[in-house]
Amino acid sequence: MKTSDRIKFKLKNNAENIKPPKKDKVNKWITFGTIITLTICTRYYKVTEPDHVCWDETHFGKMGSWYINRTFFFDVHPPLGKMLIGLSGYVTGYNGTYLFEKPGDKYNGSRYEGMRYFCTTLGALIMPMAYDTVYELTQSTEAAVISSLYLIFDVGLVTLNQYILLDPILLFFLTASVWGMTKASNLTATGNSYTISWWAWLFFTGTMLACTTSTKFVGLFAVMLVGLHTIQQLWIIFGDMRKPITETVKQIACRTIALILWPIILYMYFFYIHLIVLNRSGTGDGFYSSAFQSRLIGNSLYNVSMPRDVTYGAIVTIKNHKTGGGYLHSHYHLYPKGIGARQQQVTTYTHKDDNNKWLIKPYNKDTIDNIKYVSHGALIRLEHVATRRNLHSHGEPAPLTKRHLQITGYGEDGQGDANDIWQVLLVDGKQNTSVKTVTTKFLLIHYLQNCALTTSGQQLPKWGFEQQEVSCNPNLRDKNAFWNVEDNRNEK
């Protein structure tokens, strides 16, 4: 017998000798069954109680309703968790009409139970995955049992699992990511790379990573964990002198596909579904561009009939062109003492409001006899419709961004001074090119101060109703200084 054959024979015998006895396998399954039983008893006990809105069910139950009603909204979290809550409610007979206004409100017969059971089920599945993960890492049933019991009887975790929240969904996907990572890692370590099981666990891990990140952005920590573990394992493979360099290249390629490209594709696909489902106008429209809003059913821009070209005498709303940009806004309140000139506040506001409306006037007269288009290079005044004060700037510093100049509402009954004059400059515009509703991006340059109307994105204090600062930036290349006309009305 050759030396290599003798070594293989010896390794085979050793592997057979360390296989757990049949009795140990039976005990393992009995233990696993006990863990499942305890999980069910602790998680599903009185899930439907109390029968009123609890804690953050106010937010996530409401968002589930919006998905069922296909109503667009804005939220800081990615969409997957909320879509799953909405789907679970829809499948179990909830019609999306309950308002979820505040904690303590009775459900009064609304079919909320399905959403709670769904979140509880995902939370319950954490325990068996945690059990198997620890067993894979330690090959110790005792360690797996102790770890599972810690999770089963964690009162905080039990509470999180029983309500309509993103937390049980996030923890399920996060635990599944680590479980898949452990399984794939063990298959690699035992020389079972490229098998069907190995590919399945690798793609399972990538899928769960995508789902984790698509539920909450803190899921990126799971991506970091799996990434660091993968780098460590690739380093070990690279350092194994018995393996050719092509093995390392193959491992890198496989993991790039399963753990990077595949999760990115899934992440984008979840957002695609989110945008397809939410096709009706809702409370979050104002955070998005005018062009995007025009595709939402029920939005004031959807299939609306309004003039394509902007003319003098038109009443318009002007929206900042950056992502999340608000509408140019003013109201009767003045800047407080010590904040520049005590003139009328001008801000940006992300919600649609009558105080967002402005009248476009020629710079040198108040009345408009004939229809005349506002074009590239035109000099205009903007009169706030509700207060009849003009958009104005002067040498005073802005409230927050001190290197910029203050923007105010000034004058009375549309009458002001030369500091109310603004020049319209279209981006890539040419002489006589007119301003188009929604599509044209332009700058408003103060004629005397030579600064661009902009928004810093900074939130004003309570005196400014926590709206965003508007200022005049001497840097005319400021990317936040681009605007577009959203609503355009002219009685002529």
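Even glycines carry a Cβ here, placed using N, Cα and C.
Noted in TrEMBL for the protein shown:
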- 114-131: transmembrane segment (TRANSMEM)
- 165-182: transmembrane segment (TRANSMEM)
- 198-231: transmembrane segment (TRANSMEM)
- 252-272: transmembrane segment (TRANSMEM)
- 307-363: domain 'MIR' (DOMAIN)
- 371-427: domain 'MIR' (DOMAIN)
- 432-488: domain 'MIR' (DOMAIN)
Distant-in-sequence neighbours of the transmembrane segment (252-272), which means Cβ under 8 A and at least six residues beyond its ends: 78-80, 83, 193-194, 199, 202-203, 205-207, 209-211, 213-214, 223, 226-227, 230, 234
Residue counts (helix, strand, coil, in that order) that DSSP gives for the domain 'MIR' (371-427): 3 helix, 29 strand, 25 coil
Average pLDDT across the domain 'MIR' (432-488), rounded to a whole number: 93
Chain residues in Cβ proximity to the transmembrane segment (114-131) (below 8 Å; excluding those fewer than six residues from its ends, i.e. six or more beyond): 32, 35-36, 39-40, 43-44, 47-48, 61, 64, 84-85, 88-89, 91-94, 144-145, 147-148, 151-152, 157, 160-165, 168-169, 171-172, 175-176, 179
Secondary structure composition of the domain 'MIR' (307-363) [DSSP: H/G/I, E/B, coil]: 3 helix, 28 strand, 26 coil
Helix, strand and coil residues within the domain 'MIR' (432-488) as assigned by DSSP: 6 helix, 27 strand, 24 coil
